[in-house]
Amino acid sequence: MRRPRLPQLRGLRIRLVLAFTLVAAVTAGTTGALTFREARTGVLQQSQDAVIQQLRTQVGRSAPDLAFPPDEDALARFAADVARSEPSGTWRVLAAYGRLSATSAPGDRFTELTPAVREAVGSSMATVFQRVAVGDRTALVVGMSVTFAQVPVKGVYASGVHVFLTVPQTTERAYVDALVTAAERAAVPALTLAVLLALLAARGVLRPVRALRHATRSIAEGRLDTRLAVDGSDELADLSHTFNETAAALEKSVAELRGMEARARRFAADVSHELRTPLAAMSAVTDVLDEEAARLDPDTATAVRLISEETVKLARLVDDLMEISRFDAGAAVLHLDEIDLAESLRRTLGTRAWTGLVECDLPPPGALRGRVDPRRLDVVVANLVGNALRHGARPVTLRLYDGTEPGGARLAVIEVLDSGTGIPDDVLPHVFERFYKSDAARTRTEGSGLGLAITAENVRVHGGTVRAANRPGGGAVFTVRLPLPAAEVLQEEPW
Amino acid sequence: MPRVLLIEDDRAVREGVALALRRQGHEVAPVATGEDGLERVRSFRPDVVVLDLMLPGMSGLDVCSRIRGLDQTLPIVMATARGDDEDIVVGLEAGADDYVVKPVQARVLEARIRAVLRRAGGAPATGGIPKIDTYGDLSVDRAGLAVARGGVPVPLAPSELRLLLTLSAAPGQVFSRQQLLEAVWEHSYHGDARLVDACVRRLRAKLGEPTREPRHIQTVRGFGYRFAAR
């Protein structure tokens, strides 16, 4: 039985891989995001600290040259002076005094400067900065007041001059971008590693699971001595341990049952065996009893005949029991010989004087030869025909033809049909059981009650099958299918 | 009156069989052990031995071999339990002519004894043509029931002799085991074909047939045996 492909996707392996990947992705993402944030903050902080420091130094250097109160030209010169201090030329500076203002580059509208920054610088002497995004670029805007170095008149430090600086943050941006790229690059190997680890872990879990599955199947197939190797002390090891205990318990129970059954069968065999010797003595003299019965008084004659008849039946019953015991013990041996099957069937009828009672539908001589045990085939046919003659009604038909199995192998089919009332449905499954009596009232028949059981065993040792069924038109049909092995497997004859 | 030596350890069986055989007109010498049996072979000079295979002391198989050592031609009928297959095969190899399965009715045993005795003394199935046939160095005296190889007499047990006579009566013709069972042993068609195989082996050995390619008694695989007159 093959399971469809799809449920495999929901298997343990795929689930483990998914879980591991998810965990790895979340971990990588979180770590990356946190690292990125911290690194970005640090980079920006550092760069803006440097800018502010540089600006403060430059303003401190240039401010003394600024005439006070400044005019617009002076402010422009001052702004340009401050801007020049950065060699890369990326600084743009705006100097303001009251309503006057000037930029380092003439005509610069200084759009990055927000009123909030301007307000903050105006109201306090602290240095104010803000990161402003313009389009897809960011810029750092720094604002500070210029103060007097010495305590001036009226005790006021503030000069009223404000300096604003705009620095584009392209370098920092590149730096941050590199961080993101690095995080991404780290994530791919991490995820790959996670998948590999997941597969490894899955293997670690799946191997014991697979072993367990194999072991379970092995038990189901009857190998009760199957055990799992337990290593480690995890849940799977516990499970393996439990499995082993269960298997051991099962093996023990089955062994006990088999032991009991074997003892029961051996008992039957032993009893039959023990009965055989007294029966041998009794059987030897039944003919004497039969001959003398005619000369005895009627009562004694009846008693003597009874003993004689029942001795013969008892001998047959013991013989059948011995035969069944040999099947049970696996001691039944096939003595194969290649014979004409139709001839064998005809002889079976002939030796029992049934030739006139049974209609035959047999192939011509030589048409159907097979390698069988002739004695066992005789037993099979005699039991089936005898059964049909006793329990069915005439006409009884014996049919033989060659057929083919579904696999193409040749087989011989023997059918015994009678015209009686058939076999009741509740009896049909039991007809081949030992001592099964279909009719409670008919507790004793001519047979030992083992005939059909022996028939079934004899067919089985040939590798064939026997089936009982009712015909649509009434009457029972017993069908024996015997495989006919190809000629190549013939046993090598000594000499 | 045929003389039957009955070797059977169980008293009841021995008495029962002896009684039944005597009533059939046989002179019976019943003994309980193989040792006694061997002694009686010499003193009683039986026409046939009925031998139980399950004996205390010396086993039935040993007794069978010893009797063959004393007399190559004395017919032996084994009494066995069915299923003692090994014993049957070994017994046949040891030279037994036939066997019956216990418990056996007296008339069945009697019929087997008569059949064996017919093989030993009576005319073969082919009618006993009064002449000596020679096949190579093998000569078969159909009337005198004697066989010689290279001029040296070959003592044959009754089954072996009857088998050789039956096969050689129609050289080249293939006999199935079942045919031989009926013709030589007077068994039914469904009898034990191992009787035939074992007897063929014994006959080939006594005739000194080459192991690989028997000259006269040839196997026709899947069918049976035939006699080659060369």
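Cβ atoms are placed via backbone N, Cα and C, with glycine included.
According to TrEMBL:
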- B:3-117: domain 'Response regulatory' (DOMAIN)
- B:ASP52: 4-aspartylphosphate (MOD_RES)
- B:130-229: DNA-binding region (DNA_BIND)
- B:130-229: domain 'OmpR/PhoB-type' (DOMAIN)
Secondary structure tally of the DNA-binding region (B:130-229) (DSSP, helix then strand then coil) | 34 helix, 24 strand, 42 coil
What DSSP gives for B:ASP52 (4-aspartylphosphate), in three states, is strand
Might you list, by sequence position, any residue in that chain lying six or more from B:ASP52 (4-aspartylphosphate) with a Cβ less than 8 Å away from its Cβ?
-> B:ILE7, B:GLU8, B:ASP9, B:ASP10, B:VAL13, B:GLY60, B:MET78, B:ALA79
